[in-house]
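J.: Below you'll find the structure I mean.
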Amino acid sequence: MQKGKGMKFVGDSRIKVGPKQTIPKDYSEYPGRTEPFWPNFLLKEWLVGAVFLIGFLCLVAAHPSPLEIKADPNTSGYIPLPDWYFLFLYELLKYEYAAAEYVVIGTIGIPGLAFGALLLAPFLDTKPGRRPTQRPIAVILMLLAVTSVIWLTYESASAVNWEERAEYSVANMTEVEVDTDHAGYEVYANNCMSCHGDSLQGVPGMAPELIGLPYDAEAIKDIAQNGIGEMPADMFSGTDEELNQLAEFIVATNSDGEGSEGESSGSESSNEGEDSSE
Amino acid sequence: MSNKKNNQVSRRQFLNYTLTGVGGFMGAALIAPMVGFAVDPLLKGEKSGDFVYVLDVDEITETPQKVSFQVDQTDGWYESKVEKNAFVFYDSNGDILALSPVCTHLGCTVDWATEKENEFFCPCHDGRYNAEGENIAGTPPTEPLHEYTFKVEEGKLYLSPETHARGGA
Amino acid sequence: MLNKIYDWIDERLDVTPIWRDIADHEVPEHVNPAHHFSAFVYCFGGLTFFVVVIQILSGMFLTMYYVPDIENAWESVRYLQTEVAHGQIVRGMHHWGASVVIVMIFLHTLRVFFQGAYKKPRELNWIVGVLLFFVILGLGFTGYLLPWDNKAFFATQVGLEIAESVPFIGTEIKTLLAGDPTIVGAQTLTRFFAIHVFFLPAVLFGLLAAHFIMIRRQGISGPL
């Protein structure tokens, strides 16, 4: 190697002039059938990557990503649920010694210990042996941790009522125009809105939507007075005239919804039309 | 000997081509939907707006009147009412003209008879248009003020929110 | 022509050794799935990186439509998902990619752990890797809020309460994350957006670079 006085640079830079040393390092460290990264090995990796990508795109195409109804802090009875990979932490907090006055154990103590140990694993497991059999403690602890994470995730996921959650999904949401000037609207607001929502959309876990009902006005009157299914009787309190208005209102809103949807997709090319056709 | 070497080179080349092919496939599969996503505004095309009532025909004079009207605008997810202005008057032929106040030079807003009588004037670069909205030679604008599409029904003037250049005027 | 441009640059910057080192380094037999099928476990790291690339690309495109504002966030997500060409696919990539990247990084971590590949001299790379794991989890947590639907809102509220339970500085942490001591709202959303789109990715890039440079420096760990 040229050193000191004999060294020549490109201009005033520190890049040396002359033929470059581009022969790769000799990797005879692990004797065997080694092969260069480019193109031999990378090709194999990319084949794996391509298969993986196809699988991934199939997953994406088969499962539209979920979107629930817009955040409404007043939604009562909503059970929060984190993404699945946080479920184990979420579940941990349900245990007696990881909640309430011990919550610090659940939020900081156990996860901190586990992730701290993971971070510092090379300094906790310092013996040179690499085989799992040569370091039973580390391996057993890891197996325990993995098992408990999987177990907690499973416990948490199996406790969730997925069908009820699906009712919050936008895909299951039907929107109707509510005619607030209708005589029956006020009756609806006084008697039904607290359970069935301000636009008849229902409240998941509490009461179903009142859109697309298979009942006529008479049946609706009967249900309002005598209840049906989980709906108790005597939810309606008012005069017969109000009852008539209420039934008319619900029937009218139902038919309006259908009517306007049909019209808008026919006459306008606006977004609303596309919505209803999808 | 040389034959053998040739074979080696072509094997490496083959690997390189395959590598590029697989890489291209992965890149294309990833990027294609995203490009479609990004160029969506081009795919959507222009939406034609609904005609909006502006004023009665018998209110129209030969002097340009500035009228404002509101149109429903859907901008992606954002729906709003947008106020638009128009200068409405009868031109020398007695036809109705509804001109957009957007200067054809660089998009400033012109006004009627502010600088000179019987002229539209754009304050940005002193652009001037005559009483028919035609650009006056020697001033920055290169074409007449654009015109709203309009229709008259039962004595009422309706404007469409879209404007177009004045063909042949 | 291209060769001449390359030579001109190479003379001044000496770039050849950089890519020759990456391109020509010999990959040992024990990590090559073509020789040992069990070597597919060595693919998890690469696949994690691949999904991270998918996340970065799809995320970049999603911000063309998304607005971090409580009035419009949900509407914009719904719009891009239902009205925009391929919106369902692009959001789907980002949504499912988030899950897949967690799965992959989990498998990669387990591979490295059970092979004891974190032992001397690779301790630092393990630490960087675990930090990457934390960053990815952070990206998952902050990204969950952005669509501003019910699920996002309530899960974040719980997350913030967990942050609040940290002894001594819990309230401060929560306020810093949420932007307000009591409200989970407009300021929370913009903060989470900034963290998700700028701060954590910046950390991610730095750690990824360190991770890869260290792998090249030290080479892959030998067979067991």
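Including glycine, each Cβ sits where the backbone N, Cα and C put it.
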J.: Tell me which range among A:79-101, A:102-124 TrEMBL lists as transmembrane segment.
T.: A:102-124
J.: Can you name the far-off residues of the same chain, 6+ from the ends of the transmembrane segment (A:46-64), with a Cβ under 8 Å from a Cβ of it?
T.: 171
J.: Take the transmembrane segment (A:102-124) and find every residue of the same chain, 6 or more past its ends, with a Cβ under 8 Å from one of its Cβ atoms.
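T.: Contacts with the transmembrane segment (A:102-124): 89, 92-93, 95-96, 138, 141, 145.
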J.: What average pLDDT does the predicted model assign to the domain 'Cytochrome c' (A:179-254)?
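T.: Mean per-residue confidence for the domain 'Cytochrome c' (A:179-254): 78 out of 100.
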J.: Residue counts in helix (H, G, I), strand (E, B) and coil for the domain 'Cytochrome c' (A:179-254), per DSSP?
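T.: Helix, strand and coil residues of the domain 'Cytochrome c' (A:179-254) number 38 helix, 4 strand, 34 coil.
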